[in-house]
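Worksheet: the structure to be examined is printed underneath.
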């Protein structure tokens, strides 16, 4: 009976290992399509548009035992290569720049967060929203 239990345990662990090695349970860092919002205080509408952003899982390590060392920096999914695109906000009064520029992810990588080009916060309870009335249905990549 003990040998049967050992064999069953070995079988379960080996099958579980094969299943787990097929790939990560979380999607890795990569470009994905996302809908964002653009507005200007001087313009009457908000535009939602679709672009490519970096999102996904980056492997990280956390110390299990307390140490006198500072915490290890945690990598984030951030831009590797990008280009900038622009959209024009309709209905802006004369003298107000109606153009809004935004990054388009071409490729992504796991690395330190650069506040100059990335939002390093965690997931949001609500997606980015507009204060002005929306003008939906535009698609830009």
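Each Cβ is built from the backbone N, Cα and C atoms, and glycine gets one as well.
The signal peptide annotation in Swiss-Prot covers 1-20 and rests on similarity to another entry. Annotation source Swiss-Prot lists disulfide bond at 29-77, 43-92, 46-130, 54-108, 58-110, 113-120, citing similarity to another entry. Residues annotated as N-linked glycosylation site in Swiss-Prot, with sequence analysis given as evidence: 33.
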*Using residue 77 (disulfide bond) as the reference point, find which of the recorded positions 33, 46, 92, 113 has the shortest Cα-to-Cα distance to it.*
113
_Site with most surrounding Cβ atoms, counting all protein chains shown within 10 Å, from the disulfide-bonded residues 43, 108, 113_ = 108
_Cα proximity to residue 130 (disulfide bond), best match among disulfide-bonded residues 43, 54, 58, 108, 113_ = 43
